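Peer 1: Once you've had a glance at the structure underneath, I'll fire off some questions.
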Amino acid sequence: MSHRGHPTPLSSHPPSSTPNAHRTEVTFSPNTWEPSPHRPVSRTSSRATSREPAIASSKANGNGSAKYTSGKSTLSLGEEDHSDLDSDLDLEEMGDRRPPLHKPADRRSQQPLLHKDDEERGRTGYDNPPDPPDRPPLFTRRSTMRSRSPDTQAKLATRKKYTYAAFFLGLSLVSFVIQTETAVYIQHELGWNKAYCMLYFTHGSWSLLWPFQLLILRLQKWKMPWETFWRRHVYLVRTTAQMVETQELSVPRSQHSPIPYMLRKTALVTCALTVAGGSWYVAVNLTSPSDLTAIYNCSAFFAYAFSVPLLHEKLRLDKSFAVAVAIVGVLIVAYGDATPTKHGGKSGGSVGGGDKEDSEASNRVAGNLIIGVGSVLYGFYEVLYKKLACPPEGTSPGRGMIFANTFGSLIGSFTLLVLWIPLPILHITGLEIFELPRGEAAWLLCISVLANATFSGSFLVLISLTSPVLSSVAALLTIFLVAIVDWMWTGVPLSPAAVVGGLLIIAAFLLLSWSTYREMAEERKKKQIDLSDEDSSNED
């Protein structure tokens, strides 16, 4: 850009009113920097900071007097330079929310540099109108800092978390129904009833969770180089494992490897899961299907009981009432019909579906005791997983989902590498002859095992995102869903007991969900109050 004349000096005082003062005006056309007599501007440098006083512009008149403006220019859209307009549109949202720095006592600039209507940032014009009298009041410190709005951020994070949880809840319910129906058919119709072998295959299939998840993530990032993708994934898993070990969101660079910790906790959690799942297979031939279903699903109560001391969860009346209503619903479904209730175990296997109640009960007392221990251990396993293998509160839902499936693969790998040892022992002692399924039973077993892996991975994600209590009560919905599927498949209508019990379970789940959401809202409000107090003390 070529200029004519001499530059106007930058001064903190108004220009001199001497008649002989030499003043020059440089103008330019709308789309070029050529001079024009229509739009006079001063040649003040655009690098002037907000610490400089507002630059007074003047027009030559008869007596050489100066006319001062506020420095804020208003241009019509037809006169704007299009190159500046494009950049201003990018900053439009931010610029609208920035308050004017109206502090004339401090001699500061009254307008931020990046204003969307100012085509010539840092330059002041001669034809600028005066400040409007109705200038909006100054914004407070808290209103101008979007990073200090915890309530909005917490609401968005909670919404995203429960969106993930709702998806995996639906996936877990569908996969559990498929597992139950196929397991009932394999064991009761095809006659392949190998308890520990099915448990080994079921838990071992969890090792497929991480490879399948990695495949999905890779398809989402297909254009990214493999080395970069793999390095980022390993870094995410490693840092999340360090968060799990320290239960802190910030991980120091000097943090040691989390592998020893994860191996120890994997062994502990897998052993608790195996004993809890094995109790189902032991008790299934000793007690009745109704007792097995009712006692086994009391794990929701024990999950809440263990959550209070281990997870420091508050003992709330509404949560306790919701868990009690869910268990009452299970009891009504289990004992309300003469026909045994069809139900599947979380570790594979199934019970019910026959015509007689007492045909499967050979030692009812012993079977009830065994499944009672299994119910306690299953509730303990859910809380133990939440405490030892889940990242702390505040972790992003995506990170929690990825690590939950990774830990599920660790459980499956530990099962395949270590828990094969009882198989030859059971075969030699004759307690369970090892025999692989064939024909129809083989491919149905594959479907059942993969369905259980899908359910288990979704269940682990659900516990990680919410709580063991909510996840355990949500799993009770499968009892009612299996009854509905049987009605649609066989045409046999639902019994009154199944309808009443199912509605009670649904009501308990909704009540528990509402209680959990209200508890999270209270915690969010408490954090907001704490942050407001901190801001007030800083301002003082």
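Even glycines carry a Cβ here, placed using N, Cα and C.
Note that TrEMBL annotation is computational and uncurated.
Okay, so TrEMBL annotates it like this:
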- 1-153: region 'Disordered' (REGION)
- 7-19: compositional bias 'Low complexity' (COMPBIAS)
- 58-74: compositional bias 'Polar residues' (COMPBIAS)
- 81-93: compositional bias 'Acidic residues' (COMPBIAS)
- 94-124: compositional bias 'Basic and acidic residues' (COMPBIAS)
- 162-186: transmembrane segment (TRANSMEM)
- 198-217: transmembrane segment (TRANSMEM)
- 262-282: transmembrane segment (TRANSMEM)
- 294-312: transmembrane segment (TRANSMEM)
- 319-336: transmembrane segment (TRANSMEM)
- 365-381: transmembrane segment (TRANSMEM)
- 402-421: transmembrane segment (TRANSMEM)
- 441-462: transmembrane segment (TRANSMEM)
- 469-489: transmembrane segment (TRANSMEM)
- 495-517: transmembrane segment (TRANSMEM)
Peer 1: Have the transmembrane segment (319-336) and the transmembrane segment (162-186) got at least three CB pairs under 8 Å, pairs 6 or more apart in sequence?
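Peer 2: Checked: the transmembrane segment (319-336) vs the transmembrane segment (162-186), no contact.
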Peer 1: Compare 198-217, 365-381, 402-421, 441-462 by their Cβ pairs under 8 Å to the transmembrane segment (294-312) and return the stretch that comes out on top.
Peer 2: 365-381
Peer 1: Give me the stretch from 262-282, 441-462, 469-489 with the greatest number of Cβ pairs under 8 Å to the transmembrane segment (365-381).
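Peer 2: Top-ranked stretch among 262-282, 441-462, 469-489: 262-282.
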Peer 1: Of the listed stretches (162-186, 198-217, 402-421, 469-489, 495-517), which one yields the highest count of Cβ-Cβ distances below 8 Å with the transmembrane segment (441-462)?
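Peer 2: Out of the listed stretches, 162-186 contacts the transmembrane segment (441-462) most.
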Peer 1: What stretch, picked from 162-186, 198-217, 262-282, 402-421, has the most CB pairs under 8 A with the transmembrane segment (469-489)?
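Peer 2: The listed stretch sharing the most Cβ pairs with the transmembrane segment (469-489) is 162-186.
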